[in-house]
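Inspection log for the structure reproduced underneath, given as structure tokens.
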Amino acid sequence: MDLFEYQAKELFARHGVPVPRGRVASTPEEARAVAAELRTPTVIKAQVKTGGRGKAGGVRPAPGPASAEVEAARVLGMDIKGLTALTVLVEQATVPLEEYYAAYLVDRAGGAFIAIVSAEGGMDIEEVAATRPDALVTTPVDPAVGMDGRSARLLASRAGLPADVQDAVADVLVRLWRVLVEEDALLVEVNPLAVTPDGRVLALDGKVTLDDNAAFRHGHDAFAEVPAAHGAAGLEARAKARGLNYVKLDGEVGVIGNGAGLVMSTLDVVAYAGQSSGGARPANFLDIGGGASAQVMADALEIVLSDPDVRAVLVNVFGGITACDAVAHGIVSALGMLGEHGVRHPIVVRLDGNSAEAGRAVLHAAGHPLVRVVATMDAAAELAASLAAA
Amino acid sequence: MAIFLTKDSKVLVQGMTGAEGARHTARMLAAGTEIVAGVTPGKGGRSVDFGERALPVFGSVAEATAATGAEVSVVFVPPRFTRDAVEEAVDAGVALCVVITEGVPVHDTIRFVARARASGTTRIIGPNCPGLISPGQSSAGIIPADITTAGRIGLVSKSGTLTYQLMYELRDVGFSTAVGIGGDPVIGTTHIDALEAFQADPGTEAIVMIGEIGGDAEERAAAYIEEHVTKPVVAYVAGFTAPEGKTMGHAGAIVSGSAGTAQAKKEALEKVGVRVGKTPSETARLMRALLGGSGRGGV
């Protein structure tokens, strides 16, 4: 789960990482009240989970409460790269003397976390990495030892930070490591890490990704977003509530399968089939996982068929642990539960592996007029794509 | 021959007394695996009946290995206990620890993978993986044994069901070993580790490598193949249609910005002479054509 900047800064503050004073607001009036409380010039920052909001006009200076209200009104509701700013962070304005970069992230190749520090913060770090890789200092962190003060000072020094701020930066690095470990984060990034005219080191921005798998040992529920009730986000939220792994895409062929890899592969095969027949594309990713019960299949079909873009559905199951006759029974009972009104598009089914023949026999015996059983993944994708384009 | 797991491997199951553990222990036994023990903390001294056989349950991995000589552990414990279970197996000195559990926190995985490396004795496969099978010999995990046959292809994959799909498509040729390494961001055994082992295995003539979006494991594997693998390799990469920034099922399967795309992986592999199938069925055809021709040829 990616956090909003204001949530990341809440975690930072909890672990003693210095951040500017400020608070989140969801209305212009609230923004005005926060600015009045701060009694300093402020900056109004759109809360969206994407980069580039400054360029999009989502970060605006506001010298006082009145302008905070005006600027918040301009930023709230703003669309930034397809995301809507529903809240703003009203924060004490800070003019940095220097801007650095600090981050911890998972290094998949090394199987450990790495620390990245640079004296060149404040800009797109991927660009720095591409154009001046020497400006980034990267080091793996031994998971058994963590980031202690000595390693942190060495890192600050290797990054070429001025001697008089190295201790303060090292302290921040140690505290950010605590954020990473104690909150089970997969990414902690501060860009910029600023030095103020009065010599303080402050996290001016913050990006944190929490590990959803570690939710059982944290009280991070407060960070969960209230799901939107409509559109693609609505379908995704409904699927999530039923424990389904669903991602909305923008095509017409609904896809249901078992196993992440097989479903991704099915999307590709549908797209290829569409290229040669009518341009149909996959409408979604939906992995029903192992041991799919009738109820899971019913939920999956219900979600996919309620997508107004879907014109045909492809069910692609390779029974490993999952028995295909159980999947077939699931499809049949789902069709019964959804009724004629709920099932108006053709459903192409391909079953292979564990009890595949029994599964196909169940579907043939049920004889639903909209269900077509096809022998191979390729042929099933071709049929579903052509039906969706028809 | 095979890699990592043979008919002689003595296997213990951590979490054998749980529902999943018991179910899959029965399946592994049916696949020919020599399972010698179960381990469940607090339940030592019991035994569990599997038809004709009753398997002893020990309270710790160390007791189980001492009593039975087991050198492989398969882990079926819930995510919150996985780190403890795996570290116990590492400390007991098992040679191979196969972590089937899905949903293990990445911080936990990093800790137990580091501990295994430091031990110098334990190889970890997984977590969040289907395990591995050397058909006709042994199975450690949940890969179905009856969809393929023993043969001369080695397979390594991040995905379970795609592994099954390819094993099934190539069932007439058969496999030396199929390894599901798992779809998490941090895993104990990588594509490269499996490629290295297949290259060294006289029973493996050709290799199928299955990748998916996210990270750069396939690109690194391509570089490794160029330098070290002389056996023919055919690859498949899933996720060409995956949008940027969306996790596709596996925690590690995500395109971030321009990094981790299927296209980049395909290009990296093709650049070093690996034939990359557009679909699983085409991948199977490429492999069959390759083996039907000279049988053994450079990449």
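Glycine residues also receive a Cβ, built from the backbone N, Cα and C atoms like all the rest.
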Query: Which single residue out of A:N245, A:N258 does TrEMBL record at the substrate site shared with A:G320, A:I321, A:T322?
result: A:N258
Message: I'm checking region-level scores; what's the whole-number mean pLDDT for the domain 'ATP-grasp' (A:9-255)?
response: 92
Field: Candidates from A:R53, A:E91, A:G320, A:T322 close to chain B, where binding-site residues are judged by Cβ under 8 Å
entry: A:G320
Task: Please name the residue among the binding-site residues A:K45, A:R53 whose C-beta has the most neighbouring C-beta atoms within 10 angstroms.
output: A:K45
Statement: Whole-Å Cα distance, A:K45 (ATP binding site) to A:D205 (Mg(2+) binding site), is 10
Field: Cβ contacts of A:E99 (ATP binding site) (under 8 Å, same chain, 6 or more positions away)
entry: A:E120, A:G121, A:G122, A:P192, A:L193, A:A194, A:V195, A:L204
Of the binding-site residues listed as A:N191, A:I321, A:T322, the one whose CA lies nearest the CA of A:G52 (ATP binding site): A:N191
- request: Given the binding-site residues A:N191, A:N258, A:G320, A:I321, state which is nearest to A:G54 (ATP binding site) when distance is taken between Cα atoms.
  value: A:N191
- prompt: Since the record lists A:T94, A:N191, A:N258, A:T322 as binding-site residues, which of them has the fewest other Cβ atoms within 10 Å of its Cβ?
  reply: A:T94
Residue, out of the binding-site residues A:G52, A:G54, A:G320, whose Cβ gathers the largest set of other Cβ atoms within 10 Å: A:G320
